[in-house]
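**Student:** Below is a structure I'd like to ask you about.
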């Protein structure tokens, strides 16, 4: 049957049901207990070496046995037979000196399976059976040295593998295979050689069969034998465009589940799995029964992971029969629609999407650009050369560029040697490789050494179209992305126009003629040196920057790269100025859309850190703003060559320093003083018999005082956090001594805390962790955006006593339900704590607690956490605590079930009929003074401080009261003053040292309302819709008011009035996460939380400032507005700025529309998680409405008819609608 027809037929089957692959062939053969003579048969009875164990040979010596096994699997329900050719390549057959029989074995195996499959298809024509020609991994590995003393050695080459696989593929096709199955991949480079061979044979024979790919995760590390993660492995072979991608062997279904789940999420094609029947026992046997295995398969299928299922080692026809029973009628996994992205990999994946931040390509492993690296390669000091690569990765390079083009080097041999050595260093090989050479043979040699998906640097049209197309096709077959230089037969592009012309021509050839994915095309439009003294060179940087923007606009999904250090070449020897030039140049390139650059990752300067006078001079040069810009830069360049800054701090002794060491430690803990904690802790250690006694004695005594004072309300949360910082520093000093003496101190329990997947907010979680640590609980904090799999895996590994989940956005509630279900499925017996801004006792009782049989406790604030944990971990207190909890939850559920809305629900039709009544005929919407997009980069923090609303800041620290009155509060006033001072001191540092960056943008677009939605137009002609913003409407009875919807405040399309809508996104948190992590690493939880709280306030202040500027200057409908900060906080202005995820527009995915409309991530670097949380966490976004009647409102509960209408307008099915509208669905 023709390959294309087979593909269509199989894809139809896969879309309708879960197909079954057969089970273990080796397992069935072992059941016959064959001896040497059985393997030999008559034909090979005089073979010169032992043949026992050569299972593939049985297709020649015992074909009836193989036929019977195939028959048994088809009778059990299998749809796809695998040929008995797992070890039938010439390379594997060499173990038996049978290389010459490889072709025959593959042919006969396919022919035999074909006959059996055709027989069963004839019996049941409505269920066709297919033959998958199997190409196994061979017994050699192309990525790993078999010699521990020589990590660069290989016992098989890429070309040898291609030759062996090509012979097998031809025979499998000739024998009648419907598909080619590349399976049990433990080394992805072997599989890349195999796929290269398969595609070459397809081209040679002018036939294309569907290809199935199946890898092997070898152990609990979640990686292949050669070290790749599931996603990295997928990215490396995605170019094959297989019909299915899957996992098999090594693990049983329990261990393999997590990785099949990952694959089902990332794979654009169908997903297969054929696990082992559990893990082998002490005798090498597999114990998982068909019924038990089918139970796992049923759960996988119902979870939506599967399109094909089968078995590997230890499985039998009975296993397949039971699987067939449990998947019958279960809907197969639906293919996901994934965003267009360049998906690269080393040992780990690197996905570059439209909204990704700038990608740094390390440049120092290049003999033409690094004298040190060239010397090391020339002297064959490869170990030291590897350290150069590792330094680049450690300094932030996400890709490393490797170039060996030097006249006195054998570039091809050096490239192969170095890449093979890199493969043995996980800290280097975790990132993708850019194979860089001007010689095609060197590029090909490099591509044959990298198992991940790398990048070729580079090809061009310099030698004509024919050669360009030939090389591009091979690069695609090797599975790499490509950099295309702006170079053709005329020469290098040095003007903006030539750059566009060449890149456009190359793009059209690659996409339209070669079939190269546009997202894997990276253009290098040539970076040339500026400030050379030659006038013709002055505009080189401007030409590049402008060409970047043109290419990004006109060549969809293509990316831009370049060798950044070229631009500053005329200042070689003055690294300070060169780094300033790089910083300025990159800043402008990135703003225009540049995706990546080849840079020295260890010497990247930050744009804002360049001194203002130098930055201005550099910008004059880069942007060609003045005729004398080169001379002005030269004048001040020398001044910066050896600039240095020093700082001395004085310490002063205090009276309490004369106290006994135990009291000094207590004083430091209570007062939060870190200055002397290490020396006092050391003194206490010397006085103690064992170092652990210092923790269990004076330090815990001091923390008990802190806990008592906090419990009595005499200390407040900020002070407790400072105390924890002191404690951490003391413990950090003692840890080496404790470890050396193998002592273990007692704690009250071990608690795992995590912000769930898709959510980036963790201030509350961090505070809870600190409070619990102060009460002698060991805390394992996994941070933010933590997957369910990671939470539960670490919980098991660390043997924790309690798991605590946190989240701020509403989609996190569903993720918490998922975690609870998984804990129940996996048999956890730990209490589960639930907390975060969107959580509630009602949601916990109704949605979470009923999915998990162990205690699930809603913790509404940090002060309650200690009491809850104490009760849950106490044998005496737990029974009564849980009993009261159960009674309370039952009461909450009853209240929820009886709860009636304050007003009755109405139909959507009725609600729409009661929309806000606005007389549009007598109202003219204001036209913006400055329409379009406005970007505020590195905005002045001092301006934002004037717009801070401090009341929520104190609430973060559990100090309740309104600012400024809280500063004079009888109980908390003194602590509020200290906290306020610390925050402002930190803000002073933020301003002075640039610790945080604030970035923001707003945009004003022509718009009209169409029913409940808002059409946003590309321009003032209003002929093309750029985006539709979808809205919900209040859906309860409103006898004296309206059923509000945000679209009511935009002029209807039919009114003929030209209205406008605004959008904005701001962050005050660029750098906040890194700072917080740095403070945490130094044991300073107080400042870690403080920087987060301050960043949050700056983000909200930025939103307030920008809205005012829009009203007064940009939109300009309130030019004479004069409001105090208090007036602004009280919203006494005209217009509103509702935010997706909040009451007036509670559905979070509308942020995605806003991001696309304004190009937020490209413009200012803010991104969205899978749950539509904003990153950085200290961010605000929303829409601007100008109508004087516009007001805030809450949607509350909606009915089924509105959910269906909303789903239809969004293009969702109802499952998707229920997921995102859940909190509002009645």
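A Cβ is built for glycine as well, from the same backbone N, Cα and C atoms used for every other residue.
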**Student:** Of the residues 249, 269, 342, only one is listed by Swiss-Prot in the Zn(2+) site with 312, 313. Which is it?
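**Tutor:** It is 249, as the record lists it for that site.
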**Student:** Measuring Cα to Cα, how many Å separate residue 759 (methylcob(III)alamin binding site) from residue 1137 (S-adenosyl-L-methionine binding site)?
**Tutor:** 23
**Student:** Just give me the nearest neighbour of residue 862 (methylcob(III)alamin binding site) among the binding-site residues 249, 313, 949, 1137, 1193, Cα to Cα.
**Tutor:** 949
**Student:** With a 10 Å radius around each C-beta, find which of these binding-site residues (1192, 1193) has the fewest other C-beta atoms nearby.
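**Tutor:** If we count Cβ atoms within 10 Å for the binding-site residues 1192, 1193, the smallest count is at 1192.
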**Student:** When you measure from the Cβ of residue 949 (S-adenosyl-L-methionine binding site), which residues in the chain that are at least 6 apart have a Cβ under 8 Å away?
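**Tutor:** Spatial neighbours, sequence-distant, of residue 949 (S-adenosyl-L-methionine binding site): 963, 1097, 1100, 1101, 1104, 1125, 1129.
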**Student:** With DSSP assignments reduced to helix, strand and coil, which class does residue 806 (methylcob(III)alamin binding site) get?
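**Tutor:** Looking at the DSSP assignment, residue 806 (methylcob(III)alamin binding site) belongs to a strand.
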**Student:** Across the whole of the domain 'B12-binding N-terminal' (652-746), what does the mean pLDDT come to? Round it, please.
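**Tutor:** Per the prediction, mean pLDDT sits at 79 for the domain 'B12-binding N-terminal' (652-746).
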**Student:** Express the distance between the Cα positions of residue 1137 (S-adenosyl-L-methionine binding site) and residue 249 (Zn(2+) binding site) as a whole number of Å.
**Tutor:** 55
**Student:** In whole Å, how far does the CA atom of residue 312 (Zn(2+) binding site) lie from that of residue 806 (methylcob(III)alamin binding site)?
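**Tutor:** Given the Cα positions, residue 312 (Zn(2+) binding site) is 40 Å from residue 806 (methylcob(III)alamin binding site).
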**Student:** Could you count the residues of the domain 'B12-binding' (748-883) that DSSP puts in helix, in strand and in coil?
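**Tutor:** Split by secondary structure, the domain 'B12-binding' (748-883) comes out as 66 helix, 24 strand, 46 coil.
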**Student:** If we check Cα distances from residue 696 (methylcob(III)alamin binding site), which of the binding-site residues 249, 313, 1192, 1193 wins as closest?
**Tutor:** 249
**Student:** Over the residue list 949, 1137, 1192, 1193, recorded for S-adenosyl-L-methionine, what is the maximum interresidue Cα distance in Å?
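**Tutor:** Comparing all Cα pairs, the maximum is 21 Å.
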**Student:** If I take the Cα of residue 313 (Zn(2+) binding site) as reference, which of the binding-site residues 806, 1192, 1193 has the closest Cα?
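**Tutor:** Result for residue 313 (Zn(2+) binding site): the nearest of the binding-site residues is 806.
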